[in-house]
């Protein structure tokens with residue numbers, strides 16, 4: 001049986017603040033060699049030498065460290081531009097602060113300097129080892145050859161130890177650096193959600209001449225939901241859709257897929273269980289204490305919280321042809337979220353649930369085009385919701401509301417009469433190269449056939465350096481919240497609900513959901 005948990009926290013060790021300064025190569029390697037032959041047993045020099053060689057990079061953050069606390073080795077490595085981060089330290093510091101991120105930039109830069117120093121030492125030892133190997137190629141006196149053999153052996157032993165240190169240091173550097181959020185667009189408002197700026201307001205609030213009901217009451221009166229039975233079967237925040245609500249879900253999904261496909265998006269259905277590493281690469285935290293991700297016990301897999309994750313991974317570790325860009329996908333999936341900490345009136349009913357259907361748009365594109373495609377995604381969302389006759393606003397979300405991958409994010413909030421306020425129904429994010437650096441998705445620029453380059457004799461693209469693509473995602477339709485909007489905005493005094501004309505062809509021509517009992 002598959003057991004699901006909401007993630008477990010894990011402990012790690014921190015690096016000692018001082019940079020390891022190795023003894024001279026000859027002293028180090030000869031001492032190690034002598035130790036291996038039993039010549040230094042009991043020597044007071046041995047403990048310090050072994051500490052220096054075996055693990056200078058990994059020391060407990062405090063003297064009292066439990067034995068079961070080990071360094072969590074990353075399963076993957078992101079192509080993080082550490083040089084850029086170091087050169088733009090002030091910008092990165094401000095961005096971390098504005099996003100309320102817990103990333104430790106000082107530690108990252110400290111680890112990076114240690115990494116560079118250790119890498120330099122490893123390269124020096126490799127060069128010495130190669131030099132010794134070259135000296136042994138010619139005819140040599142036996143005594144000279146034996147001396148070179150011993151030197152080469154000592155060099156190899158010292159190099160193995162330092163290379164192991166380098167691996168551990170690289171893992172620790174990755175672990176810390178991966179928590180640094182994407183840089184924010186310069187126009188993103190700074191502050192919490194309340195600082196977000198309204199970009200556009202569409203339509204007006206519907207006026208009712210009767211006392212309105214919320215979607216829970218409407219659903220009960222029209223026999224559209226069953227939360228009680230779902231609670232018994234699955235737990236709180238699950239639901240059964242019934243009767244016309246099922247047609248409404250199917251209609252919304254097919255309508256959103258149809259509209260996106262008309263605009264050049266390739267339709268997909270996706271796996272709904274993915275590897276934890278893919279979730280992490282997309283910028284989510286399946287093992288965080290307040291995770292929204294369901295992890296499957298005794299596996300490295302999770303249930304997806306959005307189709308953004310499996311679609312983002314579809315071209316993982318690949319180089320895309322320039323001619324294929326942009327790649328536009330529209331994906332249908334079920335989504336699963338723990339909704340940790342969610343409570344209150346605003347989360348009742350269908351507004352915040354553990355499982356729901358969603359249609360998601362996703363784009364892979366060249367870096368210089370991502371802002372343009374971000375605007376395109378926002379326009380598609382606005383066109384979709386306008387065609388349904390909804391009253392909504394589009395907001396440029398503030399830094400405190402951006403997820404780690406987002407460079408910039410726009411949310412659409414629709415008026416929900418039952419709540420008496422606007423509620424989020426979609427978002428559109430430009431993640432630039434944050435996800436692609438983790439997923440390993442690049443493209444190779446095509447041949448530049450401009451007259452300037454042809455005159456210079458430049459041709460072909462086999463030697464052109466690859467670049468990371470930019471990724472974008474946007475919600476075409478989050479089904480439960482769309483049902484909330486439609487039921488509450490188009491309710492009638494007689495208890496019925498009118499179906500927007502746009503959706504009727506996708507619901508078998510159904511025009512009105514009428515009460516079944518008098």
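Cβ from N, Cα, C; glycine included.
Around the Cβ of residue 337 (L-serine binding site), the same chain contributes 292, 293, 294, 305, 354, each under 8 angstroms and 6 or more positions distant in sequence. Marked as L-serine binding site by TrEMBL: 306, 337, 360, 473.
The annotation ATP binding site is assigned in TrEMBL to 337, 338, 339, 353, 354, 355, 356, 424, 425, 426, 427.
The annotation coiled coil is assigned in TrEMBL to 108-135.
Annotation source TrEMBL lists domain 'Aminoacyl-transfer RNA synthetases class-II family profile' at 214-500.
The site 'Important for serine binding' annotation in TrEMBL covers 475. Of all Cβ atoms in the protein chains displayed, 26 besides its own lie within 10 Å of the Cβ of residue 475 (site 'Important for serine binding').
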Completion exercise
Per the 10 Å Cα distance test against residue 425 (ATP binding site), the recorded positions 306, 360, 473, 475 reduce to 475
Completion exercise
Apart from the site residues 306, 337, 360, 473, the 8 Å Cβ neighbourhood of the L-serine centroid comprises 304, 305, 307, 308, 309, 335, 358, 475
Completion exercise
For residue 356 (ATP binding site), the same-chain residues 6+ apart in sequence with C-beta under 8 angstroms from its C-beta are 334, 335, 478, 479, 480
Exercise for the section: Looking only at C-alpha atoms, tell me how far residue 475 (site 'Important for serine binding') is from residue 360 (L-serine binding site), rounded to the nearest Å. Expected result: 5
Completion exercise
The sparsest Cβ environment within 10 Å, among the binding-site residues 339, 360, is found at 339
Exercise for the section: Would you mind checking how many other C-beta atoms are within 10 angstroms of the C-beta on residue 473 (L-serine binding site)? Expected result: 27
Practice task
Could you list the residues of the same chain, at least six apart in sequence, whose Cβ is under 8 A from the Cβ of residue 427 (ATP binding site)?
Solution key: 397, 409, 410, 411, 412, 474, 475
Fill in the blank from the handout: For residue 306 (L-serine binding site), the nonlocal same-chain Cβ neighbours (under 8 Å, six or more residues apart) come out as 333, 335, 358, 360, 473
